[in-house]
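Taken from Swiss-Prot as is:
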{"type": "TOPO_DOM", "residues": "1-57", "note": "topological domain 'Cytoplasmic'"}
{"type": "MOD_RES", "residues": "Tyr20", "note": "phosphotyrosine"}
{"type": "CROSSLNK", "residues": "Lys24", "note": "ubiquitin cross-link"}
{"type": "INTRAMEM", "residues": "58-78", "note": "intramembrane segment"}
{"type": "REGION", "residues": "60-93", "note": "region 'Interaction with SPP1'"}
{"type": "TOPO_DOM", "residues": "79-107", "note": "topological domain 'Cytoplasmic'"}
{"type": "CROSSLNK", "residues": "Lys83", "note": "ubiquitin cross-link"}
{"type": "CROSSLNK", "residues": "Lys88", "note": "ubiquitin cross-link"}
{"type": "CROSSLNK", "residues": "Lys104", "note": "ubiquitin cross-link"}
{"type": "TOPO_DOM", "residues": "129-133", "note": "topological domain 'Extracellular'"}
Amino acid sequence: MNHTVQTFFSPVNSGQPPNYEMLKEEHEVAVLGAPHNPAPPTSTVIHIRSETSVPDHVVWSLFNTLFMNPCCLGFIAFAYSVKSRDRKMVGDVTGAQAYASTAKCLNIWALILGILMTILLIVIPVLIFQAYG
(Lines of atoms letter the chains of each structure in order from A and count residues from 1; the text may use other names and numbers.)
(Lines give C-alpha, C1' and ligand atoms only; values in the text may rest on other atoms or scores of the structure.)
Protein backbone atom coordinates (compact mmCIF):
# COMPACT_ATOMS: atom_id res chain seq x y z
CA MET A 1 0.00 0.00 0.00
CA ASN A 2 1.08 3.43 -0.84
CA HIS A 3 0.55 5.95 1.93
CA THR A 4 1.31 9.49 0.93
CA VAL A 5 0.36 12.55 2.87
CA GLN A 6 -0.69 15.63 0.97
CA THR A 7 -0.91 18.93 2.75
CA PHE A 8 -3.40 21.40 1.44
CA PHE A 9 -2.33 24.26 3.65
CA SER A 10 1.15 25.53 3.94
CA PRO A 11 2.23 25.54 7.55
CA VAL A 12 4.21 28.74 7.22
CA ASN A 13 2.45 32.04 6.59
CA SER A 14 4.81 34.59 5.13
CA GLY A 15 2.39 37.51 5.46
CA GLN A 16 1.32 37.50 1.80
CA PRO A 17 -2.07 36.35 0.59
CA PRO A 18 -2.21 32.82 -0.75
CA ASN A 19 -2.17 32.25 -4.48
CA TYR A 20 -5.62 31.17 -5.66
CA GLU A 21 -6.25 29.33 -8.87
CA MET A 22 -9.44 29.94 -10.85
CA LEU A 23 -11.17 26.69 -11.53
CA LYS A 24 -12.38 26.08 -15.06
CA GLU A 25 -16.00 25.48 -14.00
CA GLU A 26 -16.19 28.72 -12.03
CA HIS A 27 -14.77 30.68 -14.94
CA GLU A 28 -17.23 29.19 -17.44
CA VAL A 29 -20.24 29.93 -15.26
CA ALA A 30 -19.12 33.51 -14.80
CA VAL A 31 -18.58 34.02 -18.53
CA LEU A 32 -21.56 32.13 -19.90
CA GLY A 33 -24.16 33.24 -17.36
CA ALA A 34 -27.34 31.18 -17.58
CA PRO A 35 -27.12 27.68 -19.01
CA HIS A 36 -28.20 27.35 -22.63
CA ASN A 37 -30.75 24.56 -23.01
CA PRO A 38 -32.60 23.81 -26.23
CA ALA A 39 -35.89 23.48 -24.31
CA PRO A 40 -37.76 26.67 -23.41
CA PRO A 41 -37.66 27.62 -19.75
CA THR A 42 -40.56 26.37 -17.71
CA SER A 43 -42.26 28.19 -14.89
CA THR A 44 -44.24 26.97 -11.94
CA VAL A 45 -47.28 28.93 -10.83
CA ILE A 46 -48.49 28.46 -7.28
CA HIS A 47 -52.03 29.59 -6.56
CA ILE A 48 -52.52 30.58 -2.95
CA ARG A 49 -56.20 30.91 -2.21
CA SER A 50 -56.99 34.06 -0.41
CA GLU A 51 -59.75 33.95 2.09
CA THR A 52 -62.92 34.16 0.07
CA SER A 53 -65.40 36.66 1.36
CA VAL A 54 -68.75 34.93 1.72
CA PRO A 55 -71.51 37.30 2.83
CA ASP A 56 -73.68 35.58 5.41
CA HIS A 57 -76.48 38.22 5.52
CA VAL A 58 -76.86 37.98 9.32
CA VAL A 59 -77.67 41.67 9.78
CA TRP A 60 -80.27 41.66 7.01
CA SER A 61 -81.82 38.48 8.41
CA LEU A 62 -81.92 39.97 11.90
CA PHE A 63 -83.63 43.10 10.54
CA ASN A 64 -86.23 40.99 8.73
CA THR A 65 -86.75 38.88 11.85
CA LEU A 66 -87.32 41.87 14.14
CA PHE A 67 -89.26 44.26 11.93
CA MET A 68 -90.83 42.45 9.00
CA ASN A 69 -91.36 38.79 9.61
CA PRO A 70 -94.08 37.58 7.24
CA CYS A 71 -94.59 33.83 7.45
CA CYS A 72 -91.47 33.59 9.66
CA LEU A 73 -89.26 34.05 6.58
CA GLY A 74 -86.96 36.42 8.47
CA PHE A 75 -86.41 33.86 11.23
CA ILE A 76 -85.70 31.07 8.74
CA ALA A 77 -83.31 33.37 6.85
CA PHE A 78 -81.57 34.14 10.16
CA ALA A 79 -81.12 30.40 10.81
CA TYR A 80 -79.57 29.92 7.36
CA SER A 81 -77.34 32.95 7.91
CA VAL A 82 -76.01 31.47 11.14
CA LYS A 83 -75.40 28.14 9.38
CA SER A 84 -73.52 30.02 6.65
CA ARG A 85 -71.36 31.76 9.23
CA ASP A 86 -70.63 28.42 10.94
CA ARG A 87 -69.61 26.81 7.63
CA LYS A 88 -67.35 29.78 6.88
CA MET A 89 -65.65 29.48 10.27
CA VAL A 90 -65.00 25.77 9.68
CA GLY A 91 -63.50 26.53 6.25
CA ASP A 92 -66.23 25.01 4.09
CA VAL A 93 -66.58 27.81 1.54
CA THR A 94 -68.92 25.86 -0.75
CA GLY A 95 -71.33 25.05 2.08
CA ALA A 96 -71.17 28.63 3.34
CA GLN A 97 -72.04 29.94 -0.12
CA ALA A 98 -74.98 27.54 -0.41
CA TYR A 99 -76.44 28.56 2.97
CA ALA A 100 -75.78 32.25 2.22
CA SER A 101 -77.58 31.96 -1.12
CA THR A 102 -80.62 30.44 0.58
CA ALA A 103 -80.55 33.12 3.29
CA LYS A 104 -80.36 35.84 0.62
CA CYS A 105 -83.35 34.42 -1.26
CA LEU A 106 -85.39 34.16 1.94
CA ASN A 107 -84.41 37.72 2.91
CA ILE A 108 -85.51 39.06 -0.47
CA TRP A 109 -88.90 37.36 -0.15
CA ALA A 110 -89.29 38.49 3.46
CA LEU A 111 -88.49 42.08 2.48
CA ILE A 112 -90.84 42.09 -0.52
CA LEU A 113 -93.71 40.53 1.44
CA GLY A 114 -93.06 42.82 4.41
CA ILE A 115 -93.14 45.94 2.22
CA LEU A 116 -96.30 44.76 0.44
CA MET A 117 -98.00 44.01 3.76
CA THR A 118 -97.00 47.43 5.12
CA ILE A 119 -98.34 49.19 2.02
CA LEU A 120 -101.57 47.22 2.15
CA LEU A 121 -102.00 47.95 5.86
CA ILE A 122 -101.76 51.66 5.05
CA VAL A 123 -103.71 51.76 1.78
CA ILE A 124 -106.68 49.56 2.73
CA PRO A 125 -107.71 51.58 5.83
CA VAL A 126 -107.35 54.82 3.86
CA LEU A 127 -109.58 53.46 1.10
CA ILE A 128 -112.14 52.22 3.62
CA PHE A 129 -112.14 55.58 5.42
CA GLN A 130 -112.66 57.43 2.12
CA ALA A 131 -115.47 55.12 1.05
CA TYR A 132 -117.45 55.27 4.29
CA GLY A 133 -116.23 58.54 5.73
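Every residue, even glycine, has its Cβ placed from backbone N, Cα and C.
The Cβ of Lys104 (ubiquitin cross-link) has Pro55, His57 as same-chain neighbours under 8 Å, each 6 or more residues away in sequence. By a simple count of nearby Cβ atoms, those within 10 Å, the most crowded of the recorded sites Lys83, Lys88 is Lys88. Following the DSSP three-state reduction, the secondary structure of Lys83 (ubiquitin cross-link) is helix. Residues of the same chain that lie 6+ residues outside the topological domain 'Extracellular' (129-133) never bring a C-beta to less than 8 angstroms of a C-beta in it.
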